[in-house]
Each structure stands twice: as structure tokens, then as C-alpha cells.
């Protein structure tokens, strides 16, 4: 069944195809570079709409499998990056042609026809703006952490895919801990009974509470694109750029048609350069945002340092390492972290609950926490290896380095960090007991 998003894309695709053929034909007939530039922008819109249609289709119809364990949730992100790259390439080609026209201006034949086509193109783009206007503005995300406020998510599968589950796994075991079992007293909360269970808590409704933590109540105002599609936002930028380009075409055609200045033909390449700037100013931020997601950068709305400090303040946690936070899509955040614990395994349950609570408070509802239990006699050694502790002050580990960053043996050594492997050889971090020395084993 065709969704509302697909119907809008198909409608705009049909309209753009008609006007692309019209603009490129009239543009070459009248030698109007502005109209030709706008027609190629329209062609890129057609390509981007095809990519958007494909992205929506695969995101809706292709679920996770053995080959793609996350499914095709990033299909629209990839489509947005392709759109942006095409636009940036188009900018350079138009700019070169416009500079040539500034050196050797060409006479624009039949500017009145160019004007009519520009007006018709503007009307078509106004229709496109009405189709996609919901995707053009950043939404403010404000909520109390007892619940998540429902937003208007245009893609049905995205609201279904927004879920909450955290895994706390013991070394040698890929087993999830049931949060309810952790919080419940008595025998059901014992580690031997909850480790065999693998429970994923999914949100059936976005307005349901994520986790009961009444002691933490504050609001966020951030430009979090959680309720809109990055690729659909890219389509909106295409349409907006086209509309502004049509206004430039109309202005240049009127100026050439109604004036007799000898330099009036310079208005055509000048308008073309303005169109190029408009396209580039929308394409570059889009490419950066899509690239950050595909490169698994830390989301701009999340402070990894703050999360780390809060986790280090949890009782029993002495150090953290291999901490990663990234976007799966614009609205789904994922995190993984290794936590070194100085308590017994059966006491880890309360710490795991607090750690998951911290992730929930920061909007991360899919997290993997791997505990590493250490005995008391090596706690002090571990503390010396980490320079970041709760509160953000440097630990005693810095005493092992001189002012030049050398160790007591005179060798250069990188200060430990929570965001990478704790050993210089980057050994396997799945399980220290197996003594894996493969450098790329993560």
C-alpha cells in the first residue's frame, strides 16, 4: 500500500519531470543560462526523488536479516548524502559556465518566453513546498524524562522502530539482563535467575514512560531531528532552492525584456551564480549531517563526556573504556560501554540499573553495558590507568607521566581515554580471558 510520503514523492516527481523537459528545451532555445541551470537543478531533483522513493520503499519493506542485522534503516540517510553530493557537483558546473558567460555574455533570445516558463516553474515549486513543508523546519524537542512526548512522525516504520532496550552482559556471556528483574527484590532478582533471560522492552506508544525516575526532571530544547526524515528534509531543500531559482529567472527575464541597457545580458550569469550559492548553501549542511550519521559520530545533542562522568559516579564503577555513542537513524541513538566494577557480580544489578537510567535520561534507549569485574587488589592499579573520574578532575594516573608525557621508563605513552581501547595494542575487548592478540578484533 502506498503511504502518504510515497504519494507526495510520486506527485512531485511527475511535476518535476514535465517542467524539466520544458525548462531545458526553452533554455537552450533562448540561450538562457539561468533557465538551463534551473532545469539541471530540476533534473537533480528528479534523481533525488527517485532515490527518496527507493529509500522509503526499502525502509518500509525490508526488515533486518542475517545480512543486514539493522535492516535498511539508514537507506534514507544514504539517499540524503547522494542528493547532497549531486547538488555540490552541479554547483561547480554551473559556476564555471556562469563565469564564462560573464567574460563573453550571450544574447538572450525571446526573454518573454523565459519569463513565462519561470513563472510556471515557480508555481510548480510552490505546490512542492506545500507537499513537503512539514520537513523544512527543525522541531524543538522538549520533554520531562518521565515520558516522551509524541511527535508527528511521517514515516510509520520509524515510530515503530523507536524502541528501548539496554543490554548488560557479563564476560563470556552474550545475555541480556531483565530490567524488571533487577529492580524486583527477593529471589527473582538474583543473578542466576535473570541472566538466562533476554528481554527487549519496546515502546508501543511514544507517550509511554521510558523509565520511572522521578528524581530527574528537566527539559531539553535541542534541534533534534527525531520526528522528521533527513532525506525528506533534503527533498524540501531541493524544492526550496528551485523556487528561489525561479524567482531569479523571472527577475533576469524581466530585466532583459524591459530594459535597453547594453550590460543587461550580464544579469543572466549573475542570477545563475546566485542560484548556485542557494543550492550550495543547502547541499553542504545536508551532506555534513548525513556524513556524521554514516561515520557514526557522536550525536550533536548528546554530551558523551557528561554521560561518562555520570556513569563514573555510580557506586561500584571505578573506570570505563571503549565508550561509543552513535546514530542508527536521525531518531535512534545507540551506545556501548565497558564498565570496570569493584563489586561482586551479584551486586552489579543495582549498578546496571543506574547506568541504564543514565542512558535513558540522555535519550539513548538502546545501550550495551559490558561489566568487567576486578578484585580489590588491582583496583588501585586500574584507577592509575584512567585520568578521567567522576567530577572531571584528573586522577593519580597523571603522576606516572612527566611534563613531556613520558612514563617512568622514558617512553612516550598516550594518556588513557574512555573512547578507545585501553591497551596500546588494541587487543580483543570481547573477553580478556581468551588472550586474543588480533589488532582489529573489537
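Cβ coordinates are placed from backbone N, Cα and C, and glycine is handled just like the others.
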Of the residue ranges 188-207, 208-227, 228-247, the one that Swiss-Prot records as region 'Disordered': 208-227
Per Swiss-Prot, the range holding transmembrane segment, considering 76-96, 139-159: 76-96
In Swiss-Prot, residue 5 and residue 259 sharing a membrane side: no
In Swiss-Prot, the member of 347, 353, 357 to which ubiquitin cross-link is assigned: 357
Annotated phosphoserine residue, as Swiss-Prot has it, among 166, 303, 397: 397
9-29, 324-344 - the range that Swiss-Prot marks as transmembrane segment: 9-29
Residues in the topological domain 'Cytoplasmic' (54-75) grouped by DSSP into helix, strand and remaining coil: 9 helix, 0 strand, 13 coil
Residues from the same chain, set at least six apart from the ends of the topological domain 'Vacuolar' (257-265), whose C-beta lies under 8 A from its own: 105-108, 111-112, 115
DSSP-derived helix, strand and coil totals, residue by residue, for the topological domain 'Vacuolar' (257-265): 4 helix, 0 strand, 5 coil
Averaged pLDDT score, the topological domain 'Cytoplasmic' (287-442): 72
